[in-house]
Amino acid sequence: MGTTWRSPGRLRLALCLAGLALSLYALHVKAARARNEDYRALCDVGTAISCSRVFSSRWGRGFGLVEHVLGADSILNQSNSIFGCMFYTIQLLLGCLRGRWASILLILSSLVSVAGSLYLAWILFFVLYDFCIVCITTYAINAGLMLLSFQKVPEHKVKKP
């Protein structure tokens, strides 16, 4: 009936920690690039493979949408990496809960993250014409978390008449 704690599972833990680490790395790269325009990140392999260019683009904040809808000063106009950190933390915490609502929230948040990943992948390839190793890896992590979320849907017992 109620919600109880459980282990999130090794795979969910690994995916969430990897996603969190990549999101924190993206924040670091963006901050370093803001301080020094000549900063070259480890993920900057060439002119068409540059994560720092992607993170510093207008689509690197609020998915490129928040500023135009809510304004540049909106609290939601944050680096996409901030949303990533929040998402991976929520996924890990919800993965520790056993209950119907936790499962529903896991699935819904996973679907939103995959939709966001598809949108950002489209921007990455067809607008920025770039290849971001960190971005592609987070998209794969999001897809993996979505698959895990669908596997973890609890079977509810049906009362026999």
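Just so it is clear, glycine is given a Cβ too, placed from its N, Cα and C backbone atoms.
Per Swiss-Prot, the residue from Cys96, Cys135 that shares a disulphide bond with Cys132 is Cys135. Placement of Pro8 and Phe63 with respect to the membrane, taken from Swiss-Prot, is on opposing sides. Among Cys16, Cys51, the one Swiss-Prot lists as the disulfide partner of Cys43 is Cys51.
In the three-state DSSP assignment, the secondary structure recorded for Asn80 ((S)-warfarin binding site) is helix.
The least crowded of the recorded positions Cys43, Cys51, Cys132, Cys135, judged by other CB atoms within 10 A of its own CB, is Cys43. The two recorded residues, Tyr139 ((S)-warfarin binding site) and Cys132 (disulfide bond), have Cα atoms 11 Å apart. Closest in space to Cys51 (disulfide bond), of the recorded positions given as Asn80, Cys132, Cys135, is Cys132, taking the CA atom of each residue.
If you take the Cα of Cys43 (disulfide bond) and the Cα of Cys135 (phylloquinone binding site), they are about 10 angstrom apart, rounded to a whole number.
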